[in-house]
Amino acid sequence: MSDHTAAHPAPRPRPTRAELRNDVWLAAGLFVSAVLSSALGSVAGVYGADAAEGMQWALLYSLGLTAPLAVRRRFPELVVVAISVVFFVGVTVRIPDLYVSNIAMFIAMYTVGAWVDDRRRALWVRVGVIVAMFVWLIVTMFQSAIDPSDDALSQAGVFSPFAAMLLLQLLVNAGFFGGAYYMGDRAYAAAMSRAALEQRTRELEREREVTAAQAVALDRVRIARELHDVVAHHVSAMGVQAGAARAVLERDPDAARRALHGIEDSARSAIADLRQLLETLRTSGADAEGGSTVHLSALADLVAHANDNGLPTTLTVVGDRVDLPDLVQVNMYRVAQEALTNARRHGGPDAAADVRLRYSGDAVELEVVNTGRAVAAPMRPGLGLVGMRERAAASGGVLETGPRGRGGFLVRLRVPLAAPALSRASAGVGA
């Protein structure tokens, strides 16, 4: 959260159309109730002979008391001030309503606390109204106390009926205004918490959508990389064999036949690898991790396949073998496969390759050296080199590619050994 956001929190969400319509219905209902209350109070003799006479006063009073509530959520401060003024006027002219005025005052006070975003202004508006009400109440009671003609309550004794009534009025009004104040603040806090939760829910939903899109993109990249590694190797070999078959077709049919058999074998191997790849992609969870049968133990077969397809290749393993995660083994195998494919494709007719697998104390290193001519083609950032870099990153290793000073092309992948592998390697050396 930024300093600006902390100093200026987000405002409460504005009232909905339904809430605004409900305010209009509330104002209309209270208007009818105020008119009935004034009429019944007049019949019941509230305020006696001092009560305001005529329905016009009751109608004006009821309208002024309840109409502002129709816009209470839009202009809460103005509404509470307007209703307070009407309340004072109604009591002064003795409108015989004892209940609806209190309800309207409570709703107006509550609305200020619940809907004003400037909490300092909400505080001072409510405190101002409460102070004005208590000052008016005390002044009214004091005037009644010093009026010799007003003998409704006896003032005799330390705790007279008059004093008891004064204390009762103070307590009732304190509870009344305190309840409106507290409930308004609670409503505002609840609304802000709800808005924050909804905002967080929307953010989480957006994050989920982004994560899902990224997962789909990563799956596409993974599938594309696997397809490239599987297909490119075999198709490249088939191309070399097809070219050889065409070159010797007329003068050496047996050699052409052998080349065609090689094409057939490469096609079958490609189909088998594709079938295995599809089965692995269909498998989810832990089953997928061990789904591939391509491991470093198959490097010898890979080298033999390269020799059969016209690329003289040697394999050298240095150091004691260490158990590696399946992911690392698959990625190192695919890097070797892609490097040999590039060597066969770009190394020239006299190209040869040397594959070295080194197990050192803290890492395993794969090195594929093309001893043919170094041409510019392998340097282009095609899918092959991109795929090798992605596999190196996925294994936590470092990939080095580039032409050698004395000719040829070098691909080196170094993957640090994890702690368990280091422990097993140390144990093997000690034995």
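Just so it is clear, glycine is given a Cβ too, placed from its N, Cα and C backbone atoms.
The feature domain 'DUF7134' is assigned by TrEMBL to 21-167.
The feature domain 'Histidine kinase/HSP90-like ATPase' is assigned by TrEMBL to 330-418.
The transmembrane segment feature in TrEMBL is assigned to 24-48 (among others).
Long-range neighbours of the transmembrane segment (54-71) within the same chain, counting only residues 6 or more positions beyond its ends whose Cβ lies under 8 Å from a Cβ of the stretch, are 23-24, 26-28, 30-31, 34-35, 38-39, 42, 78-79, 82-83, 86-87, 89-90, 93, 95-97, 100-101, 104, 107-108. The feature transmembrane segment is assigned by TrEMBL to 54-71 (among others).
Packing against the transmembrane segment (78-93) from elsewhere in the chain are residues 52, 57, 61, 64-65, 68-69, 71-72, 101, 104-105, 108-109, 111-112, 125-126, 129, 132-133, 136: each is 6 or more residues past its ends and has a CB under 8 Å from a CB in it. Annotation comment: TrEMBL describes 78-93 (among others) as transmembrane segment.
The annotation transmembrane segment is assigned in TrEMBL to 99-116 (among others).
Look at TrEMBL and you will find 123-142 (among others) tagged as transmembrane segment.
Under the heading transmembrane segment, TrEMBL lists 162-184 (among others).
Residue counts of the domain 'Histidine kinase/HSP90-like ATPase' (330-418) by helix, strand and coil are 32 helix, 29 strand, 28 coil (DSSP-based). The stretch with the most CB contacts under 8 Å to the transmembrane segment (123-142), chosen from 24-48, 99-116, 162-184, is 162-184. Long-range contacts of the transmembrane segment (24-48) within its own chain (CB-CB distance under 8 A, at least 6 residues past either end) are made by residues 55, 58-59, 61-63, 65-70, 94-101, 103-104, 107. Sequence-distant contacts of the transmembrane segment (99-116), counting only residues of its own chain at least 6 positions beyond either end whose CB sits under 8 Å from a CB of the stretch, comprise 12, 15, 26, 30, 33-34, 37, 62, 65-66, 68-69, 72-73, 76-77, 79-80, 83-84, 87, 90-91, 122, 125-126, 129, 176-177, 179-181, 183-185, 187-188, 191. Mean pLDDT across the domain 'DUF7134' (21-167) comes to 81 in this model.
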